[in-house]
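Feature annotations, reproduced from TrEMBL:
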- Arg23, His135, Thr356: substrate binding site (BINDING)
- 43-383: domain 'Aminotransferase class I/classII large' (DOMAIN)
- Gly110, Tyr111, Ser182, His210, Thr239: pyridoxal 5'-phosphate binding site (BINDING)
- Lys242: N6-(pyridoxal phosphate)lysine (MOD_RES)
Amino acid sequence: MAVDLQARLTTRLAERRANSLYRQRPLLDSPQGPEVVVDGTPLLAFCNNDYLGLANHPEVIQAWRNGAERWGVGGGASHLVIGHSTPHHALEEALADLTGRPRALLFSTGYMANLAAVTALVGQGDSVLEDRLNHASLLDAGLLSGARFSRYLHNDPASLATRLGKAPSTGATLVVTDGVFSMDGDVADLPALAREAKARNAWLMVDDAHGVGVMGAQGGGVVEHFNLGGDEVPVLVGTLGKAFGTAGAFVAGSEALIDYLVQFARPYIYTTSQPPALACATLKSLELVRNEGWRRDHLAALVQQFRKGAQALGLDLMPSHTPIQPIVLGSSERAMAWSRRLREQGLLVTAIRPPTVPVGSARLRVTLSAAHTEAQVSRLLQGLADCLALEPTDE
Ligand SMILES: *Cc1c(COP(=O)(O)O)cnc(C)c1O
């Protein structure tokens, strides 16, 4: 007799609750920004990925409005049928230019861009090597591809080299890493990873969801920061729902790579194009990303302020200089308790728990945005000080 699915659901949900792993969706009742209304309560938030404060920018909103007037609402079809419109095309060209690649290909989400790139490039008989802390979408893509899948130690070029040495020479090898690690905030050692990959004739794919817009003088992300071309990083993924403040994603690379993805990447082919007006909004936000360097400067200053203040409190910070500043607290219970105490003080920082992060490393994932003020960061530091004061001491 088959397993009863209803019984399975009930048991697993009960387990999740018992382990402090049950997830709830805070209901946002305001636009995205530092000051939000969540579940009916005004809160000062430090947990979105709107790093440059563009998600609710008046010029971006206006560009979306104008786009809708001009192009209507729906994409209407997949790109290969009749859904590839002028704003999509213009955005691809602007993204290629921003990242210094010959071409870019637009996707509706980063999850899809990652699935598309990995599953189109490698399959049975090939190998895919991933950093063990890669984003879930990259790990899923690697498993789905059917290629021989293995993980190397976090941000460790020597561990990658060992794995590369074991990959069979009969197939192709794809090395995949986050550019900025989404839960730790550290930056991948791309020059060294690229060297190891090249030495073994493997391709390096970088998912720079948290680097584009934030890193590099123009916001070109980690590849601009390290000055790495298509030779070192042949496959570059960026997303538009974070620093760009809109939605969607892109893969950037050579003429041949993009041509190949258009022909063979199923998550590209079998889906409706994003609304063209969204591309209009993203084109405006790309302009702001490139031209308003003060957003990156202000953000960097807030990161410094936060780190200095948190260190003075004796908090254990991670080696991150990006706007992702996690405070690792260990158990899920402790992370939840801190998040709750902050909320009682009007501060919203979500607790991130396993399986999103390894067991025993539950954390508050603090993220900073150019939309925050120094005074708001000070309020967060005060809230953290109060959390510390309320902790039961061991002695
Ligand atoms: C957010 C994220 C994605 C997914 O992008 P979406 O556009 O939100 O689907 C992919 N990779 C990383 C590293 C991310 O942080």
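Cβ coordinates come from backbone N, Cα and C, glycine included.
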Among Arg23, His135, His210, Lys242 [recorded positions], residue with fewest other Cβ within 10 Å: Arg23
Extra residues within 8 Å (Cβ to Cβ centroid of Gly110, Tyr111, Ser182, His210, Thr239), pyridoxal 5'-phosphate: Asn114, His135, Ser137, Asp207, Ala209, Val237, Gly241, Lys242, Ala249
In three-state DSSP terms, the structure that Gly110 (pyridoxal 5'-phosphate binding site) belongs to: helix
Cα distance (Å, whole number) from His135 (substrate binding site) to Thr239 (pyridoxal 5'-phosphate binding site): 13
Annotated binding-site residues Arg23, Tyr111, His135, Ser182, Thr356, filtered by Cβ under 6 Å to ligand 1: Tyr111, His135, Ser182
Surrounding CB atoms that lie within 10 Å of the CB of Gly110 (pyridoxal 5'-phosphate binding site), all protein chains: 24
Between Arg23 (substrate binding site) and Lys242 (N6-(pyridoxal phosphate)lysine): CA-CA distance (Å): 22
For the binding-site residues Ser182, Thr239, Thr356, the one whose C-beta sees the most other C-beta atoms within 10 angstroms: Thr239
Residue pair Arg23 (substrate binding site), His210 (pyridoxal 5'-phosphate binding site) - Cα distance, angstrom, rounded: 23
Sequence-distant neighbours of Tyr111 (pyridoxal 5'-phosphate binding site) in its chain (C-beta under 8 A, six or more apart): Ser137
Between Thr356 (substrate binding site) and Ser182 (pyridoxal 5'-phosphate binding site), the C-alpha gap once rounded to whole angstrom: 10
Pairwise Cα distance for Ser182 (pyridoxal 5'-phosphate binding site)/His135 (substrate binding site) [Å, integer]: 7
